[in-house]
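The structure appears below as structure tokens.
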Ligand code: 13P
């Protein structure tokens, strides 16, 4: 449907200046696949220095605060991240929903704050293993998406990442049929909120143990428009094959 594949690395709490060479090499891999939009969501401390060497790969953040400024010790506003060189940010990653207790409403507010600062947004959703085993993952994740979706959600500034929590960092992934069914369900849910045409243009990424061995099969699924990649994005050697699989 004309959706450009989006492949983004999430370095989580990994990366020092010693890893800037990997950023540069990932930028070169991105340049070799111009049909794919490639980025790295990095620790905030690396954003400015990475931006200077990342070439064809954009640099993003992993979270932002929902407020513009104020007494929030240790937090970073979207404008600060944009000024440092971020052009995107993740919001609502399951690790923050769990570790920092972020609610769906918080996630929607963060997405709006990011947009106001000119950042594009990857909004994460995904089910626990209990929910998957109970057999109602599509309904639960669709509801989570609609509750987290900011007003004015549109494909030109927002992408969705479906990340089953039990697949993150475990080497386990859902069956291809389950991924296909979930992405179709999420697009249908989006369509009910923003209209089928706009939902048809929005990118829905898969995340959770994506790597060079499984990326091509995952990204060949009709409604899978790219990937949000953790462990396999930390080096160019591992991430370049994922980028290539999207191209
Ligand atoms: P892994 O690719 O390490 O499973 O992490 C996925 C993820 O959480 C990306 O945001």
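Just so you know, glycine gets a Cβ as well, placed from its N, Cα and C.
Substrate is bound by 10, 11, 12, 209, 230, 231 in TrEMBL, and the record lists one more residue there from 39, 55, 152, 169, which is 169.
A Cβ distance below 6 Å to any atom of ligand 1 is met, among the binding-site residues 11, 12, 169, 230, by 169, 230. Proximity of residue 10 (substrate binding site) to non-local residues of its own chain (separation of 6 or more, Cβ distance below 8 Å) is seen for 41, 62, 90, 93, 207, 228, 229, 230, 233, given in sequence order. Note: residue 163 (active site, proton acceptor) has non-local neighbours 93, 94, 124, 125, 126, 206, 207, 208, 228, i.e. same-chain residues 6+ apart with C-beta under 8 A of its own C-beta.
The substrate site in the record is lined by 10, 11, 12, 169, 209, 230, 231, and its two most distant CA atoms lie 14 Å apart. Apart from 10, 11, 12, 169, 209, 230, 231, the residues listed for substrate, the same chain places the Cβ atoms of 168, 229, 232, 233, 234 within 8 Å of the centroid of those Cβ atoms. Counting Cβ atoms from all protein chains shown, residue 230 (substrate binding site) has 22 others lying within 10 Å of its own Cβ.
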